[in-house]
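According to Swiss-Prot, the protein carries these features:
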REPEAT    25-114  repeat 'Solcar 1'
TRANSMEM  31-56  transmembrane segment
TRANSMEM  89-115  transmembrane segment
REPEAT    121-205  repeat 'Solcar 2'
TRANSMEM  127-152  transmembrane segment
TRANSMEM  180-203  transmembrane segment
REPEAT    217-301  repeat 'Solcar 3'
TRANSMEM  221-247  transmembrane segment
TRANSMEM  276-294  transmembrane segment
Amino acid sequence: MIQKSRPALLQHQDVGDRVETLMLQPVIKAFLCGSISGTCSTVLFQPLDLLKTRLQTLQPSAHGSRRVGMLALLLTVVRTESLLGLWKGMSPSIVRCVPGVGIYFGTLYSLKQYFLRGHPPTALESVILGAGSRSVAGVCMSPITVIKTRYESGRYGYQSIYAALRSICHSEGFRGLFSGLTATLLRDAPFSGIYLMFYSQTKNVVLHSTDQLDAVLVPVVNFSCGIFAGILASLVTQPADVIKTHMQLSPVKFRWIGQSVTLIFKDYGLRGFFQGSVPRALRRTLVAAMAWTVYEEMMAKMGLKS
């Protein structure tokens, strides 16, 4: 009797494994779509991220009362580091964004399927889903984010990603790979939550206000809604981004958030919390809008609802 029941048990396990595999396939597709969309947007808009980092870390003592604008800094980088200098830090950016955006979209898709079960999210649900998905991706990719920020700042002479990892672990310990993680989550989780809320709500209003939208115009509508949502979300989370940058570049000086807020205000004043806001708003808005547009188009081609 025992021998007869074993094949049935194995057969039941095989069916369970197959069902589990089928359930995972859409998540893998969402991960791949997110990774591809993140790669495209990262390569295009990397110069804006570099300029944002440089603007946030300019020393006031070196420039006196004279403000350095984005255009002046752009010309300085091109003159001293060549045009390719604008793409400095591209390697860690790609290493971070390819899996990072994929993890975000994969997690978001899974949460939507589990909690929403097909119905569109409310404004509050969008905030929670976006913030939760971004938190998962942020924790997973924190070490690469630290390396990327230091690459872009121009203060560190890392020869490779591996050399950077080894140097940070040697000088700061394993904890150094998670410098500024709290500030990163305080910046990214609200950004993603606010962005997803504005994006989904704006898109619903636009789509419901038109009887029949031409399929060719759908990507344009998605991109436009993404631009609007990105601008609002970027402005709200700008101070947290400045704090995160300082904590990752100077972890000895900026040890915790409260201390960082005090030091930034002392050195730069209230304006210091909004340094680099223009390139960041441009980049985050364009990156998010393009990533969502490409992601939704690819998911539609695969027959999946994003």
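The backbone N, Cα and C atoms fix where each Cβ goes, and this holds for glycine too.
Note that the structure is a prediction, hence the values are computed from the model and not measured.
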Exercise for the section: Grab the same-chain neighbours of the transmembrane segment (31-56) for me: Cβ-Cβ under 8 Å, and only residues 6 or more beyond its ends, written as numbers and ranges. Expected result: 68, 70, 73-74, 77, 86-90, 93-94, 97-106, 149, 152-154, 241-242, 245-246, 275-276, 279-280, 282-283, 286-288, 290-295, 298-299, 302
Handout entry: DSSP-assigned states of the repeat 'Solcar 2' (121-205) in counts, ordered helix, strand, coil
Key = 72 helix, 0 strand, 13 coil
Fill in the blank from the handout: Its residues classified by DSSP, the repeat 'Solcar 1' (25-114) shows 78 helix, 0 strand, 12 coil
